[in-house]
Each structure stands twice: as structure tokens, then as C-alpha cells.
Amino acid sequence: TLFTLYALSCCFICLTLTPFTTFLLWSNLIGRIWLDNVHCTGREVTLAECSSNGFGVSDCKHSEDVGVVCSTRRIPGFRFVGALANNVENLNIQVEDVRIRAILSWQRKRIPVTEGFVEVREGGRWRQICNEAWTPTNSRVICGMFGFPGEKKYNMKVYKMVAMRRKNKYWGHSVNCTGNEAHVSNCRLGPPPTKKGNSTCALGMPVVVSCVPGRVFAPTPVTGFRKAYRQEQPLVRLKGGAVVGEGRVEVLKNGEWGTVCDDNWDLRSATVVCRELGFGSAKEALTGGRMGQGMGPVHMNEVECSGFEKSITECYFNRDSLGCSHEEDAGVRCNVPAMGFQERVRYGGRNPYEGRVEVLAERNGSLVWGTVCSDSWGTLEATVVCRQLGLGFANHAFQETWYWPGDVSADTVVMSGVRCSGTEMSLSHCLHHGKYIHCPKGGGRFSAGVSCSDTAPDLVLNPQMVEQTTYLEDRPMFMLQCAHEENCLSSSAQGASASDYRRLLRFSSQIHNNGHADFRPKASHHSWIWHECHRHYHSMEVFTHYDLFSLNGSKVAEGHKASFCLEDSECDEGIEKRYACANFGPQGITVGCWDTYRHDIDCQWIDITDVKPGDYIFQVAINPNYEVAESDYSNNIMKCRCRYDGYRIWTYNCHIGGSLSFETDDTFPGLRTNQLSYR
């Protein structure tokens with residue numbers, strides 16, 4: 001009863017493996033070991049193409065059998081033929097692809113393609129669908145597949161004229177969708193088109209759809225496409241996703257953002273979220289906190305949608321979220337329009353996830369490939385490249401790429417002065433010098449490079465811990481010599497005598513890793529900096545910034561904390577600690593663990609000796625220089641209101657960045673955005 005395009009995609013990797021490969025992966029503990037010392041570059045089509053000792057030549061035991069866990073993300077250009085029998089008519093229909101083909105000349109130049117004939121590819125040939133039994137609900141499903149939230153009317157007369165002038169080849173079937181399907185493969189087959197003589201669609205013409213793009217993808221006559229993807233303030237948002245259109249679902253309730261429990265979470269509910277945000281239908285309804293765990297409340301549980309709701313808040317749900325934890329946070333992957341961004345950047349390296357960045361740019365009236373100047377190149381720029389290529393999150397940004405040869409014909413620098421906010425969909429949307437290139441280092445070995453990863457860490461500060469542990473201490477200068485050497489005191493301490501006192505705003509901080517990868521320092525062991533006074537190594541010279549602002553946003557005092565010891569202080573139940581600083585051990589924060597900096601250690605303070613009594617905003621920023629890539633930087637900031645009367649201090653309303661609505665955050669004037677200041 002189904003016309004299937006992609007329904008078997010989850011199993012296809014196993015089906016395409018060669019017989020001996022499948023045997024190697026799944027038959028362990030018994031039988032022979034066929035391959036040993038296998039070395040692949042990652043570009044082979046099958047394991048048989050990799051180098052090895054030879055088939056059946058091995059000195060291994062079955063205790064050394066290998067296995068794999070495959071990613072659900074498909075490699076670029078992945079296609080497969082889906083086939084499923086129609087039990088009613090006993091048909092076996094194979095369709096390779098579906099497309100919206102722009103017919104009118106002015107539409108062919110537009111990106112994305114929003115209007116045209118709907119065509120299916122069967123047996124290697126594209127065919128039109130007859131519109132005799134076509135309904136608006138079918139158009140709704142087609143538009144959703146291609147990343148558009150809705151459909152609209154079009155000029156029928158124009159397309160009738162076009163259809164009359166051309167010889168159309170029709171597909172021999174029709175589809176019957178209800179409108180709430182996430183994909184046309186979920187629709188039933190409709191009646192075959194009417195035949196009259198040699199004409200397959202005697203009473204109709206080719207199906208035409210006209211889709212409405214979401215706001216972020218819609219062209220405007222003045223500015224063209226929006227240059228950055230920045231979500232507005234709707235009632236729902238996505239967080240923690242690597243690319244546009246995927247992430248953890250969060251909803252706004254009473255001015256506070258919270259997550260959705262994954263009980264009963266399905267494609268229909270996920271599609272409502274996707275369309276509400278201006279995307280198409282949902283490709284996947286994710287469960288089990290696969291897009292990272294949120295913070296704060298769980299607002300919705302047991303969500304049930306029909307698929308036609310304008311907002312997820314219109315769906316039925318259980319307001320009682322008892323028993324739901326953030327391990328059950330729901331997420332989505334949405335269909336988004338094909339913007340062609342991936343075709344304007346490439347890279348070449350030792351594996352498919354790293355290499356020198358090369359972009360397609362216009363030079364002297366023609367499009368040429370070239371490199372990017374590495375001046376000012378950092379993690380945020382690398383994040384945009386990895387997103388544009390569909391390769392997940394940034395892992396590292398490289399300013400020297402001499403070990404990656406790249407394409408010799410693309411050595412010329414064609415883009416310089418790149419500065420990104422990290423939210424852009426394409427590197428060309430970032431600020432850059434345009435056609436006037438300025439790159440003092442030159443290209444070649446100093447071209448920009450990236451490495452990408454499917455997963456990333458996500459550091460979040462516990463605001464309750466800060467609020468509950470804040471206090472004042474008056475400490476003499478002779479006890480602050482090491483802290484003074486590390487610039488942890490205000491500038492007025494320079495002329496202070498050993499008997500003078502400094503007033504310190506002290507607090508504890510508990511930093512959680514809620515992502516899907518361990519947080520590791522960018523610098524390796526051998527480059528850590530030794531501080532003789534404190535007698536420890538700094539793996540990150542600046543790990544946190546501590547600031548005190550007036551209510552109009554002016555900074556009145558500041559502090560910073562170097563990462564002298566990144567380790568797992570405590571972990572969630574069932575998770576083992578991996579990082580400990582003792583004996584010059586490895587530093588980092590494991591997923592599901594947290595690092596605690598107690599209030600009584602050096603530099604865990606702000607020097608407020610020169611601050612006058614009044615109302616202030618206390619802010620803590622983790623990883624402020626973006627040295628280490630994360631899945632979400634907006635939650636790296638924590639802000640509190642505080643009142644200082646000259647003797648005591650009260651701290652209240654502490655919250656992490658992005659956890660409150662814009663209106664609620666207006667109680668923090670001068671600091672209305674949750675973005676870190678750029679470098």
C-alpha cells in the first residue's frame with residue numbers, strides 16, 4: 001500500500017556490504033578470521049579495497065574481533081533505490097528520486113527552487129505525475145520533503161501553455177496523501193491516470209507545486225538571502241544541533257525555556273515543530289537526549305499531534321512531567337531547502353573530516369577555487385565551514401596547513417579577513433574583505449584549515465551553585481602574591497603594600513559537560529604552561545571570565561580563571577571518571593561529569609575593592625575565547641543580579657544564557673543578548 005523512496009535507509013548500509021564484509025562484522029567467536037591488519041584511507045567503496053595481510057591470512061584470536069556502530073548521517077551524495085510491494089495491486093514500484101523541476105526561466109535562477117513540475121525518477125528516467133487525482137494535501141507533503149513549511153497557489157494558465165508545447169512522459173501511478181505524512185513514501189498509491197489512445201494523462205497535465213520557503217530561506221528584493229541564521233523569539237526553538245534544522249526541542253513557558261520529554265514522541269509531532277520554525281517536514285524524531293541534555297524544567301510530556309497544528313503548543317500533551325529527566329529530551333532533524341552552499345566549499349586532507357579549506361569565489365568575472373587567509377581564523381569560522389559541508393561540529397581550526405597538499409590549482413588566496421559569529425549557514429555570509437584581498441602571511445602553508453566531528457562537548461555552569469556560595473572576604477596582600485602574579489587582582493593592587501587588604505567577591509562554580517564529546521584542552525601536554533608560584537600547569541590560560549557590570553552594561557570589575565586543573569570532580573550515576581590532574585595526568589571533563597572550582601582556591605573571585613555600593617550584574621563566561629569547540633556557546637554565560645551595600649552582598653536571579661525569554665531578560669539592561677563578545 002505504500003510508494004517508498006527511502007523507508008529502508010536504516011538497513012541499507014548492511015545490505016550494500018559485500019558478503020565477506022558482512023560475515024566479518026557479524027560472525028564473531030566462531031569460524032575463521034578472514035582479515036587482519038586492515039588499513040583504509042576512508043575513501044574506499046568496500047572493505048575489500050583496503051590493504052591487509054590477505055584474505056584468510058591472520059594470527060588473531062576471536063577475542064580481537066572488531067565491530068562497528070554506524071552513524072545515521074548519510075555521506076554527501078548518498079542515494080538508494082527503495083522498493084516496497086503494493087499489497088492491494090500486487091505491484092513492486094521502484095522509485096529512485098523525486099524532484100521539483102523549475103520550468104519557467106525566471107525560476108531556474110532562483111535558489112532554492114520553490115515552484116515547478118513534480119517529477120519522479122524510475123528506471124533511470126524522469127517522469128511527470130498526472131494531476132488528475134492530485135490534491136493540495138499531496139502538495140503539502142511534497143513541499144515538506146523539500147524543506148518548505150507550506151504551499152501556495154500558482155498561475156495555472158502559464159503551466160497549461162507550457163505543457164501543451166512539450167511532450168510529457170508520465171509516471172504510471174498517482175499518490176494519495178492525507179497531508180500529515182512526513183514524506184511522500186508514507187502516502188498510499190492512488191488510482192492510475194486516465195488513458196486515451198497513446199496519452200497516459202488524457203484529462204490532465206503535469207503536477208505543479210508552488211512552495212512557501214521559511215523566513216530564513218526566503219529571498220527579498222533588497223537584501224537577497226538573509227546572511228545569518230538567527231532564530232527569532234518564537235515559542236519553540238532548536239538547540240545543540242550541528243546543522244540548520246536539527247536540535248533539541250525547547251519550548252517557552254512563563255518566560256522560561258524548557259525541554260520536551262520523549263514519551264510518545266513521533267514524526268508527526270516533530271513535523272509540527274519543523275514547520276513552525278520555517279522548515280519542512282521532519283526527517284527524524286529523536287529521543288533519548290541524542291541532541292544533548294538541556295537544563296531547567298521539562299515543560300511538555302506525552303505530546304500527541306495530528307500533524308496539522310500551527311504550533312506544538314496546540315498539540316495535546318501531559319502537563320505532568322513527573323518521571324521525565326533530561327536523559328529523555330526530545331529532538332528533531334528537519335528537511336531544509338537545498339541552498340547549494342555545500343557546492344561552494346571543499347577541503348582536502350588525510351581523512352574525510354579534515355583538510356585545507358578551499359572556496360569558490362568570483363574573480364575577474366569567472367568562478368575560481370582558492371584558499372582562505374588564516375589571519376583571524378578560529379573556531380567560529382571552522383564551525384561555519386563544518387556546518388556548510390554537513391560534517392557536524394568543528395573540532396579544530398588550523399592556521400597552518402603545510403601538511404595538507406590541497407589542489408595545486410587552488411593555491412591562490414581568494415578570501416581574507418573572515419570573521420564569523422558562528423551562526424552563519426555559509427562562509428560567504430561571514431564578514432570578509434570582499435574582492436580586495438589582504439593577507440600578510442600569504443596563502444600556501446598559511447591557508448586556513450579545519451577538522452570536523454560528529455559530536456562536540458557542551459559546557460554549562462550550574463547557576464544555583466554560584467548563587468548559594470557567593471560571599472565577601474577581606475584578604476591581606478601578603479597572602480595574595482601568587483594571585484597577583486597571575487593578574488587576578490584589579491589594577492589598583494599594583495601600588496598596594498603587603499599589609500593592605502583586598503575585598504574579594506568569592507564563589508564556587510560547578511561546570512557540567514552536557515554534550516556528546518569530552519571537553520579537552522586545545523593545547524597538548526608538552527605546551528602547558530608551568531606557574532612556579534602556584535606550582536601547577538595551566539592547560540588553558542583563560543578558562544573563565546568573571547565580570548561585574550553596572551545596570552547600564554558598563555564593566556566595573558573583572559577577574560579571570562586559568563584552567564590549572566580540568567578534571568572530573570563528580571559524575572552522574574553509571575559514568576566513570578576519566579580525567580584527574582594528579583601526577584601530571586590528562587585533563588578534561590567527561591560527558592556526564594562536572595568540574596568544581598571551590599570558592600577557597602586562588603583567583604576564584606572578583607576583586608571589588610574599588611567598587612561602590614549599588615546594584616550590579618554578576619557574569620561568568622566559560623571558554624570565553626572559543627579555544628575549544630562546543631555544540632552551543634550561548635549557554636556558556638551565567639548572569640546574576642546582585643546588591644552590594646559596602647559590607648555585604650546579595651546575589652539572586654542567577655540563570656544561564658538563553659534560559660529566559662527576551663522579555664524576562666529585560667531585567668538585565670545592557671546585557672540583553674546571550675552572545676559572548678567576539679574575542
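Placement of Cβ uses the backbone N, Cα and C atoms for every residue, glycine included.
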In TrEMBL, C430 is paired in a disulfide bond with which of C420, C439? C420
Among C50, C187, C315, C420, the one of these disulfide-bonded residues whose Cβ has the fewest neighbouring Cβ atoms within 10 Å: C50
Whole-number Å only: compute the distance from the Cα of C177 (disulfide bond) to the Cα of C40 (disulfide bond). 45
Cα of C187 (disulfide bond) to Cα of C305 (disulfide bond), in Å and rounded, measures 18
For C40 (disulfide bond) and C420 (disulfide bond), the CA-to-CA distance in whole Å is 35
If I restrict to non-local contacts, at least six residues apart, and a C-beta distance under 8 angstroms, what lies near C430 (disulfide bond) in its own chain? E381, V384, V418, R419, C420, S421, E424
Which has the fewest other Cβ atoms within 10 Å: C40, C177, C305, the disulfide-bonded residues listed? C40
Measuring Cα to Cα, how far is C315 (disulfide bond) from C50 (disulfide bond) in Å? 51
